[in-house]
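> So Swiss-Prot has the following annotated:
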| type | residues | note |
| --- | --- | --- |
| TOPO_DOM | 1-23 | topological domain 'Cytoplasmic' |
| TRANSMEM | 24-48 | transmembrane segment |
| BINDING | Asn45, Ala46, Trp49, Gln138, Leu142, Tyr272, Gln394 | choline binding site |
| TOPO_DOM | 49-66 | topological domain 'Extracellular' |
| TRANSMEM | 67-94 | transmembrane segment |
| TRANSMEM | 97-116 | transmembrane segment |
| TOPO_DOM | 117-123 | topological domain 'Extracellular' |
| TRANSMEM | 124-152 | transmembrane segment |
| TOPO_DOM | 153-157 | topological domain 'Cytoplasmic' |
| TRANSMEM | 158-183 | transmembrane segment |
| TOPO_DOM | 184-188 | topological domain 'Extracellular' |
| TRANSMEM | 189-218 | transmembrane segment |
| TOPO_DOM | 219-254 | topological domain 'Cytoplasmic' |
| TRANSMEM | 255-285 | transmembrane segment |
| TOPO_DOM | 286-289 | topological domain 'Extracellular' |
| TRANSMEM | 290-318 | transmembrane segment |
| TRANSMEM | 321-343 | transmembrane segment |
| TRANSMEM | 347-376 | transmembrane segment |
| TOPO_DOM | 377-384 | topological domain 'Cytoplasmic' |
| TRANSMEM | 385-410 | transmembrane segment |
| TRANSMEM | 413-435 | transmembrane segment |
| TOPO_DOM | 436-470 | topological domain 'Cytoplasmic' |
| REGION | 445-470 | region 'Disordered' |
Amino acid sequence: MCDKADNHIDVQPEGNLEVSSVSSTRLYRRRWVILLLFSSYSLCNAFQWIQYGIINNIFMKFYQVSSFAVDWLSMVYMLTYIPFIFPVTWLLERKGLRVVALLAASINCAGTWIKVASVQPSLFWVTMLGQFACSCAQVFILGMPSQVASVWFGSDEVSTACAIGVFGNQLGIAIGFLVPPVLVPNVEDMGELAEHISIMFYITAAVATLIFLLVVFVFQEKPETPPSLAQVALRNMPTGQHSYLASIARLMCNKPFILLLISYGLNVGSFYAVSTLLNRMIIEHYPGEEVNAGRIGLTLVVAGVVGSLICGVWLDKTKTYKQTTLSVYLLSFVGMLIYSFTLNLGHLWLVFLTSGVLGFFMTGYLPLGFEFAVELTYPESEGTSSGLLNCSAQVFGIAFTIIQGKIIDHFGTLAGNIFLCVFLLIGSIMTAFIKSDLRRQKANQETGGNADSSVHPQHGETLPVKEVKM
């Protein structure tokens, strides 16, 4: 049982945190290289999540399996995440960013080469094995944007850096919507179809191999000097306070975080369901439009990329975490309603437009959830809070994909989309009840205030953060 004391995290700096250590915060130019590398292997992995689902009918024909079986090539990403996130988060706590990055890039690379060997109609199980390997790599990736941002970037950059980290994943999904319908056209000759699939798999494997080599030789654990006062406080924290199980227990007693955990899962789970079933929804109303289904998916994600970056910059400037998160959540609900009631009107241009509106807010919500969670749970590890958020998203994603798929089969796409609208409304209401306890901001202000009293004569003046070469 949780008492009131358990739900409180003291964010005051340790008594031995001297001004000299606080004033040594620095920003390294290499932080942008690290962020680019992370975004690159995240992109490669996310591309593979959706590469089957967006041409669902083509892979059904090639492997001679049901649409539900092809759906599982996407849902395996969600299923794998749930049991493996806890050991992976523990590994992140013990071994750090570099080990996790190496495992992510290497397992993802291995999965791509397994799929290269699966281009025969009788080898569906091999392509599932390769996809399973890639789904394991995803566990090392999905919760990392906020961790990379906090470890490498200053307090005025973390939200933007987190948004850029999420951007890599979103861009991978966007390419996954766009490229497979172009590389793998719906041809009748099975030999020709196998050749097209093989080309797609070989290109993916080559890119994954190059990224893996870059991670091996370039990716670093952390900067020598911390980039922010909050990171200084964490580095000065006694190691006993970094217990993973104790951290999980404290998070489970944090009521604002629990509300965010559920509402985040409802929103992102809805996005996973829409993305996985997009081909089926578009083809039902617009037969033969596989390529345009991919382009609609691209529109959905690109609009979300823009939304993510705008929201990240907005958070860095305003620090209005709850207000922004609630506004974007409500607009995601509105966007889903508009998409639901315009999908069957027979105008593809309208579907492109409504998908863009939906994507701008629904995908734009992703970095908001990460950063709001970090604020609510500081000084707990960013990887732990992000991992739990993503675990919630996977659970709801699997449930929503299966249930919405069955509803579409029996009652049509409108009923399936209304099903998601109901849960987005519930998530919006839950978000409104989250208490805005911005602990990381308090830590930066209080630590900075202590330093100001010793080295700055003017109230509110902050310590300079130096940017140095790589």
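Placement of Cβ uses the backbone N, Cα and C atoms for every residue, glycine included.
Each of the listed features needs to be described in terms of its position in the shown structure.
Long-range neighbours of the transmembrane segment (24-48) within the same chain, counting only residues 6 or more positions beyond its ends whose Cβ lies under 8 Å from a Cβ of the stretch, are 101, 104-105, 108, 111-112, 115, 131, 134, 137-138, 141, 144-145, 148-149, 152-154, 157, 161, 164-165, 167-173, 175-176, 179, 204, 207-208, 211-212, 214-215, 218-220, 223, 225-229, 231-232, 463, 465-470.
When Cβ atoms from all protein chains are considered, those within 10 Å of Gln138 (choline binding site) total 28, not counting its own.
Tertiary proximity for the topological domain 'Extracellular' (49-66) is limited to same-chain residues at least six positions away from its ends with a CB under 8 Å from its CB atoms, namely 73-74, 77, 121, 123-124, 127, 131, 134-135, 138, 172-173, 176-177, 179-181, 184, 186, 190, 193-194, 197, 200, 204, 275-280, 283, 290, 293-294, 297.
Within the chain, the transmembrane segment (67-94) has long-range Cβ neighbours (under 8 A, six or more residues past its boundaries) at 49-50, 52-53, 56-57, 59-60, 100, 103, 124, 127-128, 131-132, 134-136, 138-140, 142-143, 147, 242, 244, 247, 272, 275-277, 280, 381, 383-384, 387-388, 390-391, 393-395, 397-398, 401-402, 405.
Broken down with DSSP, the topological domain 'Extracellular' (117-123) shows 0 helix, 0 strand, 7 coil.
Residues 28, 31, 34-35, 38, 41-42, 45-46, 48-49, 52, 63, 65, 69, 72-73, 76-77, 79-81, 84-85, 88-89, 92, 97, 100-101, 103-105, 107-108, 110-115, 117-118, 158-159, 161-166, 169, 222-223, 227-228, 230-231, 367, 370-371, 373-374, 381-383, 385-387, 389-390 of the same chain lie 6 or more positions beyond the ends of the transmembrane segment (124-152) yet place their CB under 8 Å from a CB of it.
Only residues 6 or more beyond the boundaries of the topological domain 'Cytoplasmic' (153-157), in the same chain, are considered here, and those with a CB under 8 A from a CB of the stretch are 25, 27, 31, 35, 227-230, 316, 444, 465.
Listed as Cβ neighbours of the topological domain 'Extracellular' (184-188) (distance under 8 Å, sequence separation of 6 or more from its ends, same chain) are residues 55, 57-58, 61, 196-197, 200, 290.
With a cut-off of 8 Å between Cβ atoms, the residues of this chain six or more beyond the topological domain 'Extracellular' (286-289) that come close are 348, 351.
Remote same-chain residues near the transmembrane segment (290-318) are listed as 50, 54-55, 57-58, 156-164, 166-167, 170-171, 173-182, 186, 274-275, 278-279, 282-283, 324, 328, 348, 351-352, 355-368, 371 (criterion: CB distance under 8 Å, separation of at least six residues from the stretch ends).
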> May I ask you to check whether the transmembrane segment (189-218) and the transmembrane segment (97-116) make contact, with contact taken as at least three Cβ pairs under 8 Å and only pairs 6 or more apart in sequence counted?
yes
> Among 97-116, 158-183, 255-285, 321-343, 347-376, which stretch has the most Cβ pairs under 8 Å to the transmembrane segment (413-435)?
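If we count Cβ pairs closer than 8 Å to the transmembrane segment (413-435), 255-285 scores highest.
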> Using all protein chains shown, find which of the binding-site residues Trp49, Tyr272 scores highest when you count other CB atoms within 10 A of its CB.
Trp49
> Could you give the residue numbers and ranges of same-chain residues that sit at least 6 residues beyond the topological domain 'Extracellular' (117-123) on either side and whose C-beta is under 8 angstroms from one of its C-beta atoms?
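Same-chain contacts beyond the ends: 62-64, 129-130, 190, 194, 197-198, 201.
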> Tell me, by DSSP, whether Tyr272 (choline binding site) is helix, strand or coil?
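Looking at the DSSP assignment, Tyr272 (choline binding site) belongs to a helix.
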> For the topological domain 'Cytoplasmic' (377-384), DSSP counts of helix, strand and coil?
4 helix, 0 strand, 4 coil
> Return the maximum Cα to Cα distance in Å (whole number) over the record's choline-binding residues: Asn45, Ala46, Trp49, Gln138, Leu142, Tyr272, Gln394.
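Among the residues the record ties to choline, max Cα distance equals 16 Å.
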